[in-house]
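*Asks:* Input: one structure, supplied below.
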Ligand SMILES: Cc1ncc(COP(=O)(O)O)c(C=O)c1O
């Protein structure tokens, strides 16, 4: 029998680890979405920096349809043409020589960390196991990645945490120098902390990390799950900094909404993932790879990447104009189309309230922690959607001020 699910079904049938909004979107086109009742929303959230080309972009729909009628899945007992084309496209566009394909950011990071550990053991010995990461960082939800991540709330309560992991302070090279040594296997860092509050790295910090890794035979891992695939205005954020990692992870925008991820590395390191050392049933899935190839080929063009920079300026202008009138933000920051507006001290902890009010006004946005309103829209969002979305955001903020 035909049946229309509602929000109560979430509580009834799904594990309680999320608290989704009351509205249920059912359809999307470009940067607009519609819910079950037909209400329209402008999408500044982009599925948390995933829908790089908005909803149902014709290029991605076409790639999915064509591949969907050709070949879906084989497993890694066989390789397949879309996976090989995607790997080649990633290698040709980055520092990397080799690619491991998988399905999520956490899985790509898990692969990166396991590879770094194996490489260190093979080349330097068992003692070289220390992984340095940063407070407030986020690297995924597998047990290794929540442990490396710098937000203890995600790793606590699950029993003993894997060893050999230490945390330094982001953008503070001195704090890394105090921890780094010949036992350091890798430093893992986001070029801009996403979940940690939209905090870009300083160029000196990333250059310093590169130098420390070189000095101590350690690997530099850039987690570009959130910053990658055009979001920063370059295909990968490391290109903005001129600092090249040894391993890079990419997911989210890579599939534009189809689950796919990759870990990129060099010929010097890749052999440590020898046959049988790691794997993933869905890694290199033909449907996922075909969509990701279409996404990356579309995004890696001057037209799209310059458009991201242009839109960044427009978003910043709008946010600053709202702030000039209402004084709700302390700072507006970010790169490309991953932007954060930190709440002013009077509105500390209120970023979440804006999200709920924005929904009432027909706008989807995000937060990054309790104090930062985060925007991660489509990289090709039309200017009129930006203007209309900002008008809705301003109305939501006006409501917040009335309630404050
Ligand atoms: C920087 C970073 N790394 C890793 C992840 C985890 O990705 P996934 O949820 O696809 O496993 C995220 C997700 O927000 C992220 O922002």
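Every residue, even glycine, has its Cβ placed from backbone N, Cα and C.
Just so you know, TrEMBL annotations never went through curation; they're auto-generated.
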*Asks:* Among 95, 100, 138, find me the residue TrEMBL lists at the same pyridoxal 5'-phosphate site as 223, 224, 225, 226, 281.
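*Replies:* Checking 95, 100, 138 against TrEMBL: the pyridoxal 5'-phosphate site match is 138.
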*Asks:* Would you list, in sequence order, the recorded positions among 141, 252, 280 whose CA lies within 10 Å of the CA of residue 225 (pyridoxal 5'-phosphate binding site)?
*Replies:* 252
*Asks:* Listed binding-site residues: 225, 226, 281. Which have a CB under 6 angstroms from an atom of ligand 1?
*Replies:* 225, 226
*Asks:* If you measure C-alpha to C-alpha, which of 138, 141, 223, 224, 226, 281 (binding-site residues) come within 10 angstroms of residue 252 (N6-(pyridoxal phosphate)lysine)?
*Replies:* 224, 226
*Asks:* Please report the DSSP secondary structure of residue 223 (pyridoxal 5'-phosphate binding site), reduced to three states.
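*Replies:* SS state of residue 223 (pyridoxal 5'-phosphate binding site) = strand.
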